[in-house]
Ligand SMILES: Nc1ncnc2c1ncn2[C@@H]1O[C@H](COP(=O)(O)OP(=O)(O)OP(=O)(O)O)[C@@H](O)[C@H]1O
C-alpha cells in the first residue's frame, strides 16, 4: 500500500466544514509542528502530552480536536458540558476563549469563560448550560461545589494548558478536587512549553496510554529559533536606572519588563507613569481588579510602541501582538520561568529579543540556562547610556507618601522573593545590599527587615515546588511574613489582644518603618499548605483587589479590598512636600514618626473631605427632589401608569459568553461582556 504523505495543511486532516470555515476565516491554513503531531492522535480520542516551544501554536493543537470531538456529542440545545479547559491565569483563559470563539464560530455549541473576579452568582446562573468551559482551577472548583446544575457526567475532554503549572503545588488541591467530579474515561490533553515528566502527575490525571509529543523540530534549543538572547550584569544599586534607561532608549519598541513582585511592579509602574519616559507605560500584577487586568493586556496588545511592567502573571501563554523585547529585570525563579517569560516575544514566525539582568551574585544562573540548551550571549553595560532617575524618584517618594510606602513594600517583597527561593547558589539574600536597592528607589533608608537566618526552618521556606510555582509573590504578604505583634506601630488597639484578622490588618498598615519583619516559622495564621495555596493561587477568588488607584487606596485602612476604585472626589489629597530625607539609617525612627503624623493629618483631611462630599450629595438630593417636583407638576399626565426601564451603558453581566453558532452566529454576545 502506498504511504500517505504527512498532512501539511488543516485541509489535509478531514475536519468538519464548520471547523475548516473557522480556521480559514482566522487565516490558519498550514499546520505547525505541534499541531501536525498532536491533532491526529487527539482526533482519534487518544490522550496527548504535548511539549513545544513558546509561540509554536499549542492552543490550536487542542482547540481543533476539542471542537471536532464534541460537535456530534453536545449542542446548545442539550446544554450538556462536554469539555473543560483549565488555564493557570485569567488572562490566558480569556485568550483561549477568544481563539475558541474565532475558530468555533460556525459550530452549534456554547462556551463559557469562568475566571473569578466577577460576581459569582451571575456566573453561576449562566454556566449550567454551557458545552465548553474555559476556567481557572479555583473558580471552577467553587462553581462545581456550589452550582447544583453544573453536571460533569458527560465531560468527554479535559485540557490542561500550561499543564506543568496547573499540576504543580499551587493548584494541587483544586485540581485534585476537580478531578473527582470528572468521569475517568474522558480524554485528557496536556500542553506546555515546559512539560511535566512526572509519572506521578500523569497518574493523578488517570491518563490512558498517552501519546507523548516533543515538537521542537530538529532543534535542541529550548527557546524559539528567531529569539536573540543576552544577559547583562547589573549592580543592585543601578538596576532601576538601567530599567529606566532601557525604556527611554527603546521608545520605538514594544517591551515587556518582568519583576519579581507585584509591589515593585506597582511602584515602578506608577513612578514611571509620573516621570513620563516618552512611551506609554502600563503595569500589571495579580492584585489589580479583573476589569483593569483585561483592559491593560488589551491596550498593551493593541499598542505599537509601549512598555508593560509585570509580574510572572504575564509569563505564561499570553500571545501579545509583536512584542520586540522581553527584559527580565529581576532574575526569574528558575529556568522554566525564564523560558516562559522570554517566550512572550519571537512568537510563531516572528523574531524577538530577550535581555536578562543579573546581579553579580546571580551570574551562576547563566550556567543553568546553558545547561538547559538556552543560547545566551553576554552584553556589556554601556555606561554612557545609563541615565540616573534616583533624584526624580526621591522627589516622588517625598511628595507622594503613598509612593514612599509602596517603595518600601517593593523592597520588602523583593527581599522576600529572594529569600524564598531555595536555589541559594543564585538567590542569596545575604549577598544583596538592600540599602543600595532602597536608595535606588528614591528612599532615604532601607525599610527594616529583620531576617533571622538561624530560625528559618524547612517548613517556612515552603517546599521547593511552592517557591518554584510562585506567581505573584506579594499576593499575600502576611501569609509569609510573621509580623511580630510587638513591633507593629502603635495603634489604638493592643496587638496582644487583637484578633488574627485585626492583626493582619494592622500589619498591612505597618509600613515596615521600624516594623520588624521576621522570617519566622511559627506563624499561626493557617497551615503551611494553606499559606502556600494562598500565596500561589492568584486565580482563586482574590480578595486583595488593587486598581490603578492602588496607592491611594492602600492608604485607606477602611477600604474594602473588593471595591472598585474610589471616586476621584474621595481620593486622599497628595501630601505636602516634606523636607528631604537624610540617608542616615538612624533616622528611621524620626521618619517613622513623621510618617505617622502625616498619616494622621491625611486621615483628618479625608474625614473632612468625606463630610464635604456628604454635604454635597445631600444638596444634590435636595435639588433633584425639587426638580422632580417641578417636572411632576408639568409632566404628570404623560408618564402616569408607565414603568420606565433604566439601562446602563456599563453592562457588566459576567464573563460567560457563547460561541454563537448557526442562528446566533452574528450575535455580539460572543465574548465576556466586560
Ligand atoms: N497554524 C497556524 N498558522 C498561523 N498562525 C498560527 C498557527 N498556529 C498558531 N498560530 C499563531 O501563533 C501564535 C502563537 O500560538 P499559541 O499562542 O497557540 O502558542 P503557544 O505554543 O500556546 O505558546 P505558549 O507556550 O507561549 O503558550 C498565535 O498568534 C497564533 O495565532
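Placement of Cβ uses the backbone N, Cα and C atoms for every residue, glycine included.
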Annotated motif 'Q motif' segment (source TrEMBL; candidates 8-36, 37-65): 8-36
Averaged pLDDT, computed only over the residues in the motif 'Q motif' (8-36): 97
Number of helical, extended and coil residues in the domain 'DEAD-box RNA helicase Q' (8-36), per DSSP: 17 helix, 2 strand, 10 coil
